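Some notes on the structure that comes next.
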Amino acid sequence: MYRRRSQCCPGYYENGDFCIPLCTEECVHGRCVSPDTCHCEPGWGGPDCSSGCDSDHWGPHCSNRCQCQNGALCNPITGACVCAAGFRGWRCEELCAPGTHGKGCQLQCQCRHGASCDPRTGECLCAPGYTGVYCEELCPPGSHGAHCELRCPCQNGGTCHHITGECACPPGWTGAVCAQPCPPGTFGQNCSQDCPCHHGGQCDHVTGQCHCTAGYMGDRCQEECPFGTFGFQCSQRCDCHNGGQCSPTTGTCECEPGYKGPRCQERLCPEGLHGPGCTLPCPCDADNTISCHPVTGACTCQPGWSGHHCNESCPAGYYGDGCQLPCTCQNGADCHSITGGCTCAPGFMGEVCAVPCAAGTYGPNCSSVCSCNNGGTCSPVDGSCTCKEGWQGLDCTLPCPSGTWGLNCNENCTCANAAACSPTDGSCSCTPGWLGDTCELPCPDGTFGLNCSERCDCSHADGCDPVTGHCCCLAGWTGIRCDSTCPPGRWGPNCSVSCSCENGGSCSPEDGSCECAPGFRGPLCQRICPPGLYGYSCAQPCPLCVHSSGPCHHVSGICECLPGFSGALCNQVCAGGHFGQGCAQLCSCANNGTCSPIDGSCQCLPGWIGKDCSQVCPPGFWGPACFHTCSCHNGASCSAEDGACHCTPGWTGLFCTQRCPAAFFGKDCGRVCQCQNGASCDHISGKCTCRTGFTGQHCEQRCAPGTFGYGCQQLCECMNNSTCDHVTGTCYCSPGFKGIRCDQAALMMEELNPYTKISPALGAERHSVGAATGIILLLFLIVVLLGLFAWRRRRQKEKGRDLAPRVSYTPAMRMTSTDYSLSDLSQSSSHAQCFSNSSYHALAGGGPATSQASTLDRNSPTKLSNKSLDRDTAGWTPYSYVNVLDSHFQISALEARYPPEDFYIELRHLSHPAEPHSPGACGMDRRQNTYIMDKGFKDAN
């Protein structure tokens, strides 16, 4: 009988009750499932499961194919995709969402201004117009567009848009590339502003600044050139003399009456004379006058002078020509009336006296040196010292008196118990035995000495003296420390040995050794304390004796003071009025002089000298020690203390160099002048200097009948009951008379004029027969002309046509005084023109005329009127009559060639410049004499 037995198949091995397959090669990453057959773990393959899956496979035995895209890695175990940077999704088939990048799309993009970022690297892809790592920067100037690769075309400083390249022009430029300046009349940003320039000025196309034409200035060219200048930017100086006015455009001079020449430099009267016939002497001060006006006699003063007669200096604050220039001097300085130079007040210097004196100097021109000591500062005006805390005196050499401190020693010390206070801050320095801020507290029990720093050393005593430290022994004891019962002078057993200690020393009862009294030392107390120490055992340092002959007293510690000082520490100056040793002597200084506390010598206040300050400064000197010289003028006296000037009547100013202002005189210029009629008054006495034609104490009266001129000293020569002008002496004739002296019978038309005034300038002339004939002929021509006008008008009415301007004529009393003028002129017409005749203009204004075009309505009613000239014909010359006649002859010539209605004539002031009037329809200058004629007449010429 056989027994049954189990056996494992080939390729297996027995393990207990189980058959385990056997693999020849070990399954590294798997298990053996059958003989020599391994089942691999996911991610591994190969016969023995030792080979990892390649990148395209995963799972057990790498049997599954990976589905990952875009370079993603496949997990060999699970097959999950590990995406490359920039991708996401189950198979990594999607790019990172916008705004993210990197592995797992976990990083946020940093790009700005709409840029996109690379999903892999995060690199920014900039939008057009931007650059930089994060596209945070605009394109650099001069470039634009994608990658900032395009160059800007803008010119003249224009900037282009960083994206589009469109040009933004700077102010003053326009166009697509800013190549064109703003059109005329505009400027600024986008040429949007209108130019504000007037009178033909051109403005800068960038800034709008006006470039004015010749004769104008100002921000908008609205202002004519200032008086005395002309041309472009008013940069040229007029060269017209004697009050002549120059054209702001061309610089041409227009002379005042009485002058002639291209620059008005020629006088019609000789120097020193003026008036009709150049017979009147000029009333000007000869030394202060450049010239007097040849017509009016008005004075043109030298620089620095003013007044009707140039006898007054410029008022305070002005100088130069006409006293028109304002002084620039500052800080109370005097200004030179001619040059404007500054005379500085004490304490200032510099061209305009604006610079204060430098530290350490003072006085006029800062020429004096300060004498302040101990840190004191001095006044730049008078050198007076402002002392620092703790000092006083004129030169800050005196410490504060005892019991005072601070600025000017005005504070009182509060220290008690003979303590000294600091003159600077008032702090207390206590004497031995006292404590506290004001030394009001005694030393606490058991202490003594300076600052209570020593401790009492007594055995059988009731404390010690707070000052010296001496022990206060109890009854039955003796000795320095109260530790001996022996009587004084004994020691040893039963005190049987006599003591040999000197100077009050006591001996020990045991061995006889000496215990020295305060202030002494040595075996036998035979020597005093060394310098700087005092008291018991010479152990206490002396207090700081400020003004002492040596250290303190060797016994008491008291300071031995020098002359002039007192107090426990010799730091207190003698009280006012005392000096010397112990402050025992009395001072003798007068007039508030300061006494030296040491020797009693006097330091005088400004204005005083002498041993005892009893003598005032000599005349002409002032200040400390009478050092300074007075600067007063014109008899003024100066203060001995501060040098201030006390002016005599008629003068004022810091140094009495200025006359009283006009209309004031006397002491301190406090009285008001009473002069009338333009008279000037003496700045000292107030006496009036009358103008020509006036007299009386206050020049309130005209010259008496029969006299005239300066001082009413000239006699009138008028005859036949005529009156005489009180200023010029010109005769005003009675009816029926004429001539300089009214001694001739009047003829013809002049006999009809009761107001006929014969100018002295024409006195020597007589009307000739030819002149009379010319006047008669002129009257005849005018009558004929008026008749023609009347006939023409009547004829025009009959025909129903428009009439020519009506002309009327009013005869004057003198034919030579006739003034013809047009009135009621229409403002516009297309049928009439006007022109200027320079030859006639020269008769009226003395200067060239300017031709200008204008219009005149032929159909407007026009009135030709006759005006009588100014009665004052003193400026007439014999040529005036010739010119008048010549003008009438020319009228006749015109009338002969053209009908009267075809021209209109205006004759204005043949003997004088034209009166001011508003510009007419022609827009002519106010000073032009114009002759307005019909267009047909002009065309004929």
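Cβ atoms are placed via backbone N, Cα and C, with glycine included.
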So CYS178 is in a disulfide according to TrEMBL. Which of these is its partner: CYS169, CYS182?
CYS169
Mind tallying the domain 'EGF-like' (144-179) by DSSP state, helix then strand then coil?
3 helix, 9 strand, 24 coil
State the non-local partners of the domain 'EGF-like' (63-93) in its own chain: residues 6+ outside its ends, Cβ under 8 Å from one of its Cβ atoms.
41-45, 52-53, 55-57, 101-105, 118-121
Using a Cβ-Cβ cut-off of under 8 Å, list the residues of the same chain that are 6+ residues beyond the ends of the domain 'EGF-like' (670-700) and lie near it.
280, 283, 297, 307-309, 311-312, 648-651, 659-660, 662-664, 708-712, 725-728
Which of 144-179, 187-222, 230-265, 282-325, 362-397 contacts the domain 'EGF-like' (579-614) most, counting Cβ pairs under 8 Å:
362-397
Tally of helix, strand and coil residues over the domain 'Laminin EGF-like' (673-714) according to DSSP?
3 helix, 11 strand, 28 coil
In the same chain, which residue numbers or ranges, 6 or more beyond the ends of the domain 'Laminin EGF-like' (282-325), come under 8 angstroms Cβ to Cβ?
242-243, 256-259, 267-269, 271-275, 335-340, 652-653, 658-659, 661-662, 678-680, 683, 689, 691-692, 710, 875
Select the range from 144-179, 187-222, 362-397 that forms the most Cβ-Cβ pairs under 8 Å with the domain 'EGF-like' (230-265).
187-222
CA-CA, which of the disulfide-bonded residues CYS83, CYS126, CYS604 lies nearest CYS264 (disulfide bond)?
CYS604
Rounded inter-Cα distance in Å - CYS255 (disulfide bond), CYS135 (disulfide bond):
77
Just give me the nearest neighbour of CYS604 (disulfide bond) among the disulfide-bonded residues CYS92, CYS212, CYS221, CYS310, CYS344, Cα to Cα.
CYS344
